[in-house]
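Taking it in order: structure first as structure tokens, then the write-up.
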Ligand SMILES: [Ca+2]
Ligand SMILES: [Ca+2]
């Protein structure tokens, strides 16, 4: 189609993208966002489904859960998209709805046919060890433009430093057999000599300890493709060992051995499996753990909500059992009564248990959430093992029917 545009999927606006070679990848990303955002019960049940399947065929790391691709799973994903489509049709009164349905159908088609052919790094998330100046941002490595003139604004550029690096996060795990690197040509071609391509799933040493796939042994002119025995990985690093080095690339393209990923990864709800406590318990039905039981059931009588007594400054806390860079918390309000209890809750995240964790960094403050509704709060990454929900300055029955926590 060649047209750029954004897609609204389950009420979430996705970043603009171009239909074409990257369509299938974007389709997977869209599904991930749908799950992550958890804007509907359907999306939430997908997360649970993946969690249950994970017992046998997937693994997780860095706040993600990754599902091994099998034909049946791909089909089930298509089923899910189909169901979401029906939900959209059934519930949306929005006049733009038909456009959304068409876009979603295109996504489904993309998953079926154009599945991940070509460069899987295109428009992927990318980060580098430092930034020389705004012309040299990391995103220029995956912008689809091989222009070798740095001044045209399509190359990266770190500061001069020890061991600079650039890391591409493919989002999913691929069996990678080829990486093409485009060097700058307006000057400084020799700088890239000695750079290593490293591939794997670890972020140890920023991913630079992952398996060495190839090394730039000579002065690289224009674009050079490095081929090697396939390596499974989500991260592709360009690592330049040495003192006082600048790392600049004008494009990095990554090609997988097969035309689909080995694993599809979606953000994992870190609160599931965590240990929850609260300042007090209203009744036997309202344990702290009910807010992380994987169910958004919002009817008090069903026993899936946590409620404290009428405490001064009540609080609830989940221990994620590890430290994550948390970027998002979703909270489900009680549905059968008491809509306003939720208002004014502070989301606090950190590693301290001083003041029961309620003095950790403030991530967001909860406003209105409709009866039985789920709101998602997004913020800059905050490192922490504990997520507190804290109501300062009043007496309240702190009531939560589900709390979901996601890292970047
Ligand atoms: Ca570029
Ligand atoms: Ca619950």
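Any Cβ shown, glycine's included, is placed from N, Cα and C.
What TrEMBL says about a protein is an automatic prediction, not a curated fact.
These numbers come from a predicted model, not from an experiment.
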Listed range which TrEMBL flags as transmembrane segment, given the options 9-29, 30-50: 30-50
Which listed span TrEMBL calls transmembrane segment, if the choices are 77-96, 97-116, 117-136: 97-116
Stretch-averaged pLDDT - the domain 'F5/8 type C' (112-257): 94
